[in-house]
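In what follows, a single structure is set out as structure tokens and then discussed.
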Amino acid sequence: MSKSLVIVESPAKAKTINKYLGSNYVVKSSVGHIRDLPTVGSSNGEKAKAISTKGLSAEEKSAIKQEKDRNALVKRMGIDPYHQWKANYQILPGKEKVVAELKSLAKKADHIYLATDLDREGEAIAWHLREVIGGDDARFSRVVFNEITKNAIQQAFEKPEQLNLDRVNAQQTRRFLDRVVGFMVSPLLWKKVARGLSAGRVQSVAVKLVVEREREIKAFQPEEYWEIDVLTQTQAKQALRLAVTQFKGKKFEPKNATQAQSAVDFLQHADYVVSDLETKPTHSRAKAPFITSTLQQTASTRLGFGVKKTMMLAQRLYEAGYITYMRTDSTNLSQDALKMVRGYIQSHYGESYLPSKPVFYSSKENAQEAHEAIRPSDVNTLAEQLTGMDKDAVRLYDLIWRQFVACQMPAAQYDSTTVTVRAGEYELKAKGRILRFDGWTKVLPTMSKNAEDQVLPDVQLNEKLHLEHVLPEQLFTKPPARFSEAALVKELEKRGIGRPSTYAAIISTIQERGYVRVENRRFYAEKMGEIVTDRLNQSFTALMNYDFTANMENILDQIANGEKNWKTELNQFFKDFSQQLSQAELDELEGGMKPNSLVPTDINCPTCGRKMAIRTASTGVFLGCSGYALPPKERCKTTMNLIPEAELLNVLDEASETKALMERKRCPKCGTAMDSYLIDPERKIHICGHNPNCDGYVLEQGSFKIKGYDGPIVECDKCGADMHLKLGRFGKYMGCTSCDNTRKILKSGEVAPPKEEPTHFPELKCEKSDAYFVLRDGASGVFMSAHNFPKSRETRAPKVAELALYRDRLPEKLRYLADAPQHDPEGNDAIVRFSRKEKRQYVTSEKNGKATKWIVDYLGNQWVERKK
């Protein structure tokens, strides 16, 4: 009897599903996407034939060139917007074996079930599988489930569906839109601004949010204000702290020390009388069960997880069958889920914690109500009962479980009291509240104590209070808060930008592109991010408009629902976009995109004496000689690195941001906060935060050090002086305070080991150049590289036989590598590799360019073959 083939996208999901299906099913994983549009640099098909342009007019030559460029672009993109959006999908590198196995199994199967995830991405993977496997479409069925439980799996297989091509087309539309913008705008940025830049349909809008917040902060000028508290004692000798709230019937808000002192002088001799007492019941309701965005936000604030980590852990929990699908914008709960959780609450917490009827929460507009909120698959499974999950996954599950249970429990009840006191024409208040019934907080305690969570002492109306102290405090208004990852997701969701399936990718992409950076879990806009945002805003107004981007998400929803034709929408977008692109490619004087301008200074070039200019590249802000614009023979390429002042590395919160803003110089031209950089120990330059839009700068002479440094200190391996954390054009590094020695900061945050001098092997020639190999020891272990790096970038793994031959040249700590076996049992050369996970070297071999299964480890001062 033939069996049915079930295809899912992940091995973990396949393993879980396999437990619930009988022996008549074979469950296999596609390990994600099996095909996609061509990757950058890949080229399939014949090379375009050269066309002779001899004897043609300039217009004809131009037309031929345009056609050639267009064809090259279409080939790189893998989609053809000029011919009905024909797509050139290719099997992904490394997926050939997976595809071959699935095709082989499909031939033997009587039916094929496509059980990929229930979102559009999952629908698209299912469609690609059907297209690649081929055959009669009637052999394929689509099964979807919100949770990987026995009941959900059985129900899905009892009612299989057909592939939803509308949802597939919505996914293709998003992919094609992103492809067009990325492949057609990025080259324009290379030409107009700087090499290596990129643009994205949603990515650029997300960067714009960070850039606008950065500029709000830089333009913000903190204003002084004062608050005054008065510490009193009741007739019963109990302490009561009061805040001054009004003066002469108006809000009390002194702006300076003089106004505050005037109030203090009066309050120190005033009589304090209780003028009003008010106690009223208040309550606090639980929040809705998690959707993708709220899970990401709460995991950030409660657990300290980044968006990417949260989704990775949630994916594992889902694939193991512990939670429902984690990409959702619906707060809806199924009737079965409500019955399950209400039964749990009743049996474990009692009737008083069970509302008379289920609690329902409204979802945002366009939410897919067919989906459920994120919840445990089985509320009876507690976090400590999970198996095969790491500690952080268990913590995330516990959070999801508690939110799910709490959302179906009654509100927490309080008695809130306000005491009002008169002191002449001043009014003072104290607020407190007493918890009467904990409700949902029994399961999900609040993170921090509310300022009003205090028990006020008993006082009587008209009671006179005894003055203890008047406590004035100087404060300053705070700038807008920087975005955290979670806060940026919240802002994207509020503006309708992106969807649950794309939030994590957006957050990761904008960091990888180098337009923003994250310090202390808060976003900072890089200068190049500001410049690119300005250029795109100027030339692609619609593309950078928040409402336009949100509307495009709605259009994608309509395509998925079969309400709009996907190619019609693509054609309309491409028509408008192409017009804007053509305009942007023109010269600036003709209305084209403005190039990346430099800001001249009075600083002399140390090489040629010409003036240096403030320049911005994808690696940061630096000084470059104005002579760089001259013809090649006269060109001066001198640059000077600018080191941001170190105190900017340690801004932890809005209060610190306020202090830093107050200490920063203001631009003499526009008043914006200036960014300060060290040129050398004698010169500091302050550059307008709006550079290059504003050319304001201030050069300061003196003797400079990094002031107030309290960061990590490492002993310099060359001179013994202290090395401090610094921030340069290429990111953080440790720099010596005495010599010019530097050390990298690894991705883990650890300081890289001191740089070892390479071991030279003039006898070992490179294959791709006239250079010879040297042995380098880096953060990823030992490797062979060209001696003249970076001129020649050739690298390879060291062979044990080579190390053994020149053993005496090796540093003492590496000589153990020369003692390893020089060949595997089949006679293949043994090579040295590095395990990132275990952070140690091991020896293996290769055959025909592919790794063998032979591995030898260095254990207990000897080389031991690993058991297969």
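Every residue, even glycine, has its Cβ placed from backbone N, Cα and C.
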Any idea which of 308-331, 524-547, 716-739 is down as zinc finger in Swiss-Prot? 716-739
Please find, within the list 60-65, 120-125, 198-203, the residue stretch that Swiss-Prot describes as region 'Interaction with DNA'. 198-203
Of Glu9, Arg174, Arg175, Asp178, Trp190, Arg513, which recorded positions are close to Tyr325 (active site, O-(5'-phospho-DNA)-tyrosine intermediate), meaning a Cα within 10 Å of its Cα? none
Closest to His33 (site 'Interaction with DNA'): which of the recorded sites Arg174, Arg175, Asp178, going by Cα position? Arg175
Close approaches to the zinc finger (605-636) from elsewhere in its chain (Cβ under 8 angstroms; 6 or more beyond its ends): 194-197, 514, 526-528, 531, 596, 598-599, 642, 675, 677, 679, 685, 687, 691-692, 697, 728-730
Of the recorded positions listed here (Glu9, Asp117, Trp190, Arg513), which is spatially closest to Asp178 (site 'Interaction with DNA') when Cα positions are compared? Arg513
Please tell me which one of the recorded positions listed here (Glu9, Asp117, Arg175, Trp190, Arg327) sits closest to Arg513 (site 'Interaction with DNA'), measuring Cα to Cα? Trp190
Candidates Arg174, Arg175, Trp190, Arg327 (recorded sites) - the one closest to Glu9 (Mg(2+) binding site) by CA: Arg327
Rank aside, I only need the closest one: which of the recorded positions Asp117, Arg174, Arg175, Trp190 has its C-alpha nearest to that of Arg327 (site 'Interaction with DNA')? Asp117
Looking at the recorded positions Glu9, Asp117, Asp178, which one has the fewest other Cβ atoms within 10 Å of its own Cβ? Asp178
I need the CA-to-CA distance for Arg175 (site 'Interaction with DNA') versus Asp117 (Mg(2+) binding site), whole Å please. 18
DSSP helix/strand/coil residue counts for the zinc finger (605-636): 4 helix, 13 strand, 15 coil
